[in-house]
Amino acid sequence: MSTEAPLNISEIFYSIQGESSFAGWPCAFVRLAGCGHGCRYCDTTYAEEPGTAMTIDEIMHRVLAFDAPCVEVTGGEPLLQSGTFGLLSALCDRHPVVLLETGGFLPVDRVDPRVHAIIDIKAPSSGVMEHNCAANFTLALNEPERFEFKIVVASEADYLWAKSYIAGHGILGKCSIIFGPVFGQLEPRLLAEWMLRDRLPVRMQLQLHKYIWNPDARGV
């Protein structure tokens, strides 16, 4: 039985993984409450609201009941809570595929090496690009199979910045990188055309869950 302090949980739900190299898989999600970064195109602002205190054992009971092929810990910003590291390790002990989605502002060096980390890189339109944690790039270059980076693009200016940024940090062509359009702001066709024009070796994604369900729905 876990003796760690409870974590503050926004929601636990079962849905389709929508925005990573694991997109399309049924997935159990644990969304932790709290963030505070203020990204302009955040689509989970409700995760800033007070959550429910749950122990790791309680979380595990809920998650394992879904019998999902993968589990994702997300937020908010999950790494703001110190108990997240213990939760990730506990999930890895019981589940073969554990994902972490983080905003990319905090180092991931304390994350259990069995976890596959999906790390955001914030572009200029986010309003918070100065908080990107460059230390994560060094870690990913040493163990590229454990990490992928995701950049949400709102304009061609964002796209050109992102292309230069990932090349400048040495991760282009060496780490898995995903570009996606800001839902409702950038036409996906434009992003696809820019990538094809530039022969850019990155993956394009759409937020799959927003095309399946109401884009503003929670728990999907």
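Any Cβ shown, glycine's included, is placed from N, Cα and C.
Taken from Swiss-Prot, the feature substrate binding site covers Ile16, Gln17, Gly18, Arg31, Thr74, and the record attributes it to sequence analysis. If you look up Swiss-Prot, you'll see 22-215 marked as domain 'Radical SAM core'. Marked as [4Fe-4S] cluster binding site by Swiss-Prot: Cys35, Cys39, Cys42. The annotation Mg(2+) binding site is assigned in Swiss-Prot to Thr44 on the grounds of sequence analysis. Look at Swiss-Prot and you will find Gly76 tagged as S-adenosyl-L-methionine binding site, backed by sequence analysis.
Taking CA atoms as the reference points, Cys42 ([4Fe-4S] cluster binding site) and Gly76 (S-adenosyl-L-methionine binding site) are 9 Å apart.
Other than the site residues Ile16, Gln17, Gly18, Arg31, Thr74, same-chain residues with C-beta atoms no more than 8 angstroms from the centre of those residues' C-beta atoms, the substrate site, are Ser15, Glu19, Cys27, Phe29, Glu72, Glu101, His209, Val220. The Cβ of Thr74 (substrate binding site) lies under 8 Å from the Cβ of Phe29, Val30, Arg31, Leu32, Leu100, Glu101, each of which sits 6+ residues away along the same chain. The record gives Cys35, Cys39, Cys42 for [4Fe-4S] cluster. Within 8 Å of the mean position of their Cβ atoms, the other Cβ atoms in that chain belong to His37, Gly38, Thr44, Thr45, Glu48, Gly76, Glu77, Gly103, Val128. Sequence-distant neighbours of Cys39 ([4Fe-4S] cluster binding site) (same chain, 6+ residues apart, CB-CB distance under 8 A): Gly103, Lys122, Ser126, Gly127, Val128. Note on proximity: of the binding-site residues Cys35, Thr44, Gly76, the one nearest Ile16 (substrate binding site) is Thr44, by Cα distance.
When the alpha carbons of Thr44 (Mg(2+) binding site) and Cys35 ([4Fe-4S] cluster binding site) are compared, the span between them is 10 angstrom. Among the record's substrate binders, Ile16, Gln17, Gly18, Arg31, Thr74, no two C-alpha atoms are more than 14 Å apart, and one pair sits at exactly that spread. Sorting the binding-site residues Gly18, Gly76 by the number of other Cβ atoms within 10 Å puts Gly76 first.
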